[in-house]
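What Swiss-Prot records for this protein:
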BINDING   Gly11, Pro12, Ala13, Ser14, Ala15, Gly16, Lys17, Ser18, Thr19  ATP binding site
Amino acid sequence: MVKKLQIAIDGPASAGKSTVAKLVAKKLGYIYCDTGAMYRAVTYAALKANISLDDDEALKNLLQDFKLEFVPAEPEQKVFVNGEEVTQIIRTPDITNNVSLVSAQPSVRQDLTHRQQEIADNGGIVMDGRDIGTTVLPNAEVKIFLVASVEQRALRRYKENIAKGIDTPLEVLEKEIAERDYKDSHRKISPLVQAKDAVKVDTTPLTIDEVVNEIMNIIEERNH
């Protein structure tokens, strides 16, 4: 029987991680764990509770009763926080622009890292985020680091937003993505860095199918 692998896909904002991770998981019949949605869900709960987003102690208390569920659905899995469906609301600009601050808090990273490791324990998982290959699943058999130019990533985010009825100017998105890159790669705990044993894939010139095929080839090589 082929061993069920842990597959870590990391990279900056809008590099195509979740789109690619979902497709790879589907091809392999693996579970997909969207760690970005987990941090967004905590950000949503904190904003709703009027907690200061850099108050580590208050966030720690919030997480004690924080129930997060992913429910399989088409076209994408649904996300629930304490029984409330938040699938769409956690993708709004208010959450997007605040999630880096919440993600930088030690108690939040510790709590969610533990939850993510529990989900991945049995293998057969594709997990995407910023620190999966370095911190969450350091022993993952396959580690991918996706990159793309700021311009290309802003264009992708712009198209996604338009499809959802959000019209943020392209230059604003470029600025926001560059700022998120800086915050993500300069935070003290689990900054965004490529794991030493990760394979870098530049998605700028590639279609989604081409990226998926490249990753499937890497997985194939590692599995023999």
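Every residue, even glycine, has its Cβ placed from backbone N, Cα and C.
Worth saying up front: this structure is predicted, and the values here are computed from it rather than measured.
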- line: Not counting Gly11, Pro12, Ala13, Ser14, Ala15, Gly16, Lys17, Ser18, Thr19, residues with a CB within 8 A of the CB centroid of the ATP site are Val20, Asp128, Leu146, Ala148, Arg153, Arg156, Thr203
Message: Within its own chain, what residues at least 6 apart in sequence put their Cβ under 8 Å from the Cβ of Lys17 (ATP binding site), listed in sequence order?
response: Ile9, Asp10, Gly11, Gly36, Asp128, Gly129, Leu146
- prompt: Just counting, how many other CB atoms are there within 10 A of the CB of Thr19 (ATP binding site)?
  reply: 17
